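Novice: What TrEMBL records for 48-70, 91-109, 152-173, 180-199, 205-229, 236-257, 291-316 is transmembrane segment. Per TrEMBL, domain 'TLC' is recorded for 85-316.
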Amino acid sequence: MAVGFFEAFVKIWQNCWVEWEKNGPTKTFLTDFMNEVSIYGFISTKDVLLTLSLGVFFTILRYLLTVAVFKSFFSWCRLLEKEQKKAPESAFKFLYYSMAYGYTCYILFNGKYSFFQEPKHCWIGNSTSWHDILCLLSTPGWYKGMPVAQDIYVVYVVQAGFYLHSIYATVFMDQWRRDFILMILHHILTFALLTFSFAIRYHRIGLLVLFLHDVCDVFLELAKLFVAFKTRGGKYCIVSDVLAGINFCIFTLSWFYCRLYLYPIKVLYSCGSVEARDVLPTAPFYFFFNTMLWCLLVMNVWWFQYILLLLIRIVLGNSGLEDTREIKKPEMTNGEVFENGDVSTVNHGMYNSKDDRKKIDQNFGGLIEKDRKEQFRRRQPLTKPASP
């Protein structure tokens, strides 16, 4: 499917008006929606229990790893106290996203499916041999209640369980950030997308959504870990700083390319264009499913502003590599509180931003000048001047 970026948006917009005129919401919208869910939705008690169990499992696993492994390891590495609090979260998420993304890549590119190369195969099926083609002639790619392949099923239940855990973890386990509410909404939306696409059997396009999003999180969490190691043992580590910068650049490029470029032309176009409706005109929930997918794009654009803001600050030399979403608390450093909350200790010579370094230099200058005056005063004779 060769389609340009802007062309995809134009065709989606045109088809949206056509669909609105034909199948737009009516006065009985909610009733019709629930009826369609009961007709097209297929999800078993086993699926629900397995997802809930995995959500609890991830929560317990993260707690045990944090207490038994991560805290001891990062303490042994002599990270700063504030980094020891944040690093376990990044370590757990990095391990999860790395394994989840690796398995998703294996499914998409092991030769069994061609969903990424031809997203229309998400709807009409995948043909890699004459046997497959003959099968497609008698069985369409998507149909009501179609079975979910075992490899994709594993991805779905694991990811649904993880995002169920993430809703809980964002409130009770993660470091709070400025985008706390948006993060909660994102996890709820992702869990709803996974659940809905699984029940309606839109799981093939859902696999593409996961593939295009998880890669960014791998490099994001890895960059955070390298940032934590910049001040290991109270000393500045240039290697960790360079690796953090490299990972942040890869993260930025992957976010733009995968979430803001490939996602619209691979997923949104496949689900909302004229061609998509021609291939599968009877697929239900056109507006509901596409609305959720577009909400995900809006969130991606919103978060990209934080990335661009940080890039601008780094280029202008106003900040080091740090998470601009974090809620920073004032810290006491040698009797002085820095407004930006970054760690800047005179005793160890560590700093995270240019402003803090200036403050430290000013403090040193004031202390040196005060010490010189005190030494000069002590060298003066103690005898009083003679009376006239």
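Here the Cβ of each residue, glycine as well, is placed from N, Cα and C on the backbone.
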Novice: Could you pull out which residues elsewhere in the chain have a CB under 8 Å from any CB of the transmembrane segment (236-257), counting only those six or more residues past its ends?
Specialist: 215-216, 219-220, 222-223, 226-227, 229-230, 300, 303-304, 307, 311, 321, 349-350
Novice: Return the stretch with the most CB pairs under 8 A relative to the transmembrane segment (91-109), choosing among 152-173, 180-199, 205-229, 291-316.
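Specialist: Top-ranked stretch among 152-173, 180-199, 205-229, 291-316: 205-229.
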Novice: Out of 48-70, 152-173, 180-199, 205-229, which stretch has the largest tally of CB pairs under 8 angstroms to the transmembrane segment (291-316)?
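Specialist: Stretch with the highest Cβ contact count: 180-199.
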